[in-house]
Amino acid sequence: MKVELRSIHKYFGPVHANNNISLTILPGTIQGIVGENGAGKSTLMKILSGFIQADEGEILLDDQVITIHSPSDALKRGIGMLHQDPLDFPPMKVIDNLLIGQEGGLFPNKRKVAADIKKLANQFGFSIDTEAYVEGLTVGERQQLEIIRLLWMGARILILDEPTTGISASQKEKLFETLTRLASEGMIVIFVSHKLEEIETLCHRAAVFRGGLLVGEAIQPYHTDDLVRLMFGKPMELGSRLGCHSEENVVEIHNLEIEDPRLHIRDVDLDVKAGEVIGLAGMEGSGQRLFLRALGGLLATTGRTKLLVKGHDLTHEPYSSYLKTGVAYVPADRMEEGLIPGLTLKEHFILTGDTKKLFIDQEESLHRTKVKISEFNIKGRPDSYVEELSGGNQQRALLALLNEPLSLVLLEHPSRGLDLESTIWLWEKLKERCKTGTAVIFISSDLEQILHYSDRILVFFGGKVSKPMLAAETNVDQLGQLIGGKGFVN
Amino acid sequence: MEFNLILVGLAGVIAAATPIVFATIGETITEKAGVTNLSVNGTIILSAMTGFAVATSTDNLWLGFLAGAFVGALVAAIVAFSSITLKQSQVAVGFVLTLMCRDLAYFLGNPFMGLSGPRVPPAFEIPLLSKIPILGTLFFNQDILVYLSFLLIIFANIYVYKTRPGLSLQGIGERPASAYIRGTNVNKMRYIYTILGGALVGVAGPMYSLSVKAGWKGTISGLDGIGWIVLAIVIFGGWNPLRGSLGAYLFAFLQWLGLVLQTSLPGIPSQVLQVAPFPLMILTLLLVNIGNAEWVDRTIMGLPENVRPAISRLLRSMKTNPPSSLGVPFENE
Amino acid sequence: MKSGSRWYRFGIQVAAVVLALVFTSIILLIAKAQPLEAYKNILVGSFSSIEAITNVIVVWIPLLLASAGALVTFTAGLWNIGIEGQITLGAISTTLVLRLLQHSDVSPAIIIFLAVLSGFIGGALWAALAGALKTYGGVNEIFGGLGLNFVATAMTIWLIFGPWKRPGIGSMSGTEPFANTLWLPTIPGLRLSWWSLLIGILALVLVYVLLSNTHFGLKLKAVGKNRKAASVFGIPTSNFMMSAFLICGGLAGLAGALQVLAVYHRLIPSISSGYGYLGLMVGMLINYQAIWAAPVAFFFAALNFGSIQLPIVMKLDSSLSGVLQGALVLFVLMMDGVRKRFEKKA
């Protein structure tokens, strides 16, 4: 099966998300799609998988012009998409997940479906328990399930959107092996990623997107510098590690223990110096988020835990004591936990200012808001509602809302949804904080970023925590091994 | 002798619970699709009045039931349109409707107050089955509505958990985006299940006015509040039609127990016993929800090692989880 | 452009009112009544004399208090359906103080003051119960509040027929009326008390200032819009939700106290008269903007009082006012959705 996209245009209001995209993919190809967030690669994939329709242009399957009305219509034509967060039904059983959407009579033949799926899964070396509940599976297993489901439903073209986020190194290896094999059987695999290294190892060809345009194509072997130049329009350099920490301890953690229905973290000891940056690596759900929330006072710790910040014992203290001691938490989900939709920027700054007086000083807060808006380069007005801001501007607003001075800033996925330029800007801002003695602890699924900006790194695996490693003395491979669970003592 | 009396009383409990079973299953189906229809209380009152009025005017019992179902479906359609198409808060719309339907019933039902209308034919024995000791008296010497409710319970459970469309129904309430990519027209199905569920709730009305509490007596018909109990039973039943039905029977049983005990506790006015279901409702909701409270988590964390797992397991087993997307509108893109 | 869209919004609102009237007219036709005659009777009933207008104001006062309270809980993102019961408990607490002190040597002014205070506290505590169930027990405030409403009604009936029954036999007409020294003074010849009116208006003004201009109000709004984020901001969300319940319950309790002290002079079975539910409807109709509460509540009060004419003149049930009020809120909600849909498409 051959796919051809001809002069695809898509507008979202004033934004030209896809500008005259033409791309041909031959059978047996693993086609990489690279670009920064907002480059237009997701839009194109949504058009191809039927989620949205193009404003102009044609899609051809085996030289036939077709119209794709919906995702299920796409799948009927053999185009299946694996979403970053697999679109399945976590509280339901695997078998029921498979049956929903399968055509057939009123009473499905569960036994036959289970047998078919197991057979198909075995071909790829996946083990799928059809009676298990999806919520008990890892993201990697859910991906495998979804791939098998798409193949079972007859997909001949497989689109994968950033599939390596949140899966282990061994699962990634397995995934790549599977994709290579599918391509060798004549299928088309379209692999969307912003990680060049993955594109380079896996894809036969790569199409580079920037600002809604397809700016260039490359084939194996690649020249990384060329790809980078295509992606960003210029060579990009990540800022450097700050390395400005002092000998003074800001945070002391002894015997930290957290209990969760699924994870048990115990006996973590760590001292964090003023100005130090610590990166937390691990698959999603390995305990790093629980750890970070416990440090922020948002999650209860058990037993013998002792937590000191700037010499104050905060163990079992309420969240407000953490705030008073200068601990700040920046959540990943900006609209869920970080900001308050329905409130304006100014109202946010009022909330983080001095709220002890009864009445609000409207003028003072307006002034303060304006100063912060220009200082942090937020594209918005004091009376803009936060939900109207773009993701990058929301992140800037979150940083602008942090009080000064702080002892410790905790960040969940600080660069999620940001392009590289914004990420670099963000770290410049954080480094300014570090210079004043603030310690930074952050979670990221981007190992490059962790290696780049951290002084020390902790790796989490199934609730176990590695000894702190010096970032300067480790590398992506070593981290990858640990994240996959290799090399953990006990 | 004594034992037989109790048995007959319990058979009465099953009959009294029948409208609640219908309404509970109706609302369960609606909520499983991800829509909360908060108008149940008003719907039951309005459909009871309408059912009675239609049956009385046409002298046709079954037209009364049809009218009740129609009213329930209509009110549900308004909830569906306002929340699915117009994206308004389901709670707000449901709340207004529940009040308005009640007033509408009292206003339009005025001319029918105190009239005597047709009644559902009395109980009849099912041959053979009714001869089974105990069970026969309990289940197989009932009126037609009760038998229909048994069928409904069985049918609803098989439909939701065993059939393909039933699995889709669970899917659209759990994660509509996933159901959508599998080819389900989420909003259309939500309309259908909201209206279908509403019709079942609407049937409960005439069951009262034509059978369980026959007649229409305006504000003193004794129907105000039942719909709220139904909404609570749906939660208590963990959005499972069978568990919900058992909840309905439990509720009717406790009400009966109250009546029986009233004779031995003459000091308590009957009005007080009549509201006993409500504190009970609060208590059961407290039991199924307390495991979600944040302070409980903190307290459990502070407990000694040896009792902690047992207590947290106990709380988790009582907890019921709503469909993940209950009340969340769905838009493809 | 701005003013154009304001007129557009206004037009949409007018359309909603027209639709509500059309709907209610259809209902009237079904009941074989002349719609215009019914509306005329309601208007005449409410506005034909100074006495009628003051009677509308008598209805307006508890509704103002209930609406003001509802605005506070709505701001915190809470559906305090329990206002009804909170009014009732306010009335019970007031009656309790009056009964305890009526034969004592305490001066009537102080008794009345204590009775009002007790009404406030009674309502606040009843709301605190619903609030605690919500905040610490995870019980949705709709169910908690509603259950407590029924309990409050049962409590009233039990008191009227039990411990507080009239000499002889208890009756649905309520407890024995208090001596008129314990009544809030009314305008001579009318049922309206300046004191009640003052309390009602003052409550709304205070709530308006609280919600629009104080840090407390803004934090409450933050809790209502996004509880998780608000707690990350360091706002103790449980405390704020409880405060909202307490304030709302207190205002509802005041309404109950005034019903006893200035209107009925005794405890009657349906002392809350549905004002709690109506207060929520007012809050929804004005889209939770405090500034509109007074006129809309007045309009609702006029409908309620005017519709008392219907059974007398036209042999219709007075619940028509509830139908019209419900239709208004429903159509305003729906037209708001229609407007948003059009704006999104444009």
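Every residue gets a Cβ built from N, Cα and C, even glycine.
For C:12-31, C:52-72, C:78-98, C:110-130, C:142-161, C:192-211, C:240-264, C:320-338, the entry in TrEMBL reads transmembrane segment.
Beyond the transmembrane segment (C:320-338), the same-chain residues lying 6 or more positions past its ends with a Cβ under 8 Å from any Cβ of the stretch are 12-13, 15-17, 19-21, 23-24, 27-28, 38, 42, 274, 278, 281, 284-285, 287, 300, 303-304, 306-307, 310. For the transmembrane segment (C:192-211), the residues of the chain that approach it from at least six positions outside its boundaries are 54-55, 57-58, 60-62, 64-65, 67-69, 71-72, 75, 116, 184-186, 217, 220-221, 247, 251, 254, 258, 262, 290-291, 293-294, judged by C-beta separation under 8 angstroms. Proximity of distant same-chain residues to the transmembrane segment (C:78-98), defined by a Cβ-Cβ separation under 8 Å and at least 6 residues beyond the stretch ends, is recorded for 62, 66, 69-70, 111, 114-116, 118-127, 130, 134, 141-142, 144-146, 148-153, 155-156, 159, 164, 175, 178, 182, 224, 241, 244-245, 248-249, 252-257, 259-261, 266-267, 271-272, 274-277, 279-280. The transmembrane segment (C:240-264) and the transmembrane segment (C:52-72) are in contact, since at least 3 Cβ pairs between them lie under 8 Å (pairs 6 or more apart in sequence). Listed as Cβ neighbours of the transmembrane segment (C:52-72) (distance under 8 Å, sequence separation of 6 or more from its ends, same chain) are residues 45-46, 80, 83, 86-87, 187, 190-192, 196-197, 199-201, 203-204, 206-207, 210-211, 220, 244, 247-252, 254-256, 258-259, 262-263, 273, 275-276, 278-280, 282-283, 288, 290, 293-294, 296-298, 300-302, 304-306. Same-chain residues lying 6+ beyond the ends of the transmembrane segment (C:142-161) with a Cβ under 8 Å from its Cβ atoms: 79-86, 88-89, 91-92, 95, 126, 129-130, 133-134, 170-172, 174-175, 267-272, 276.
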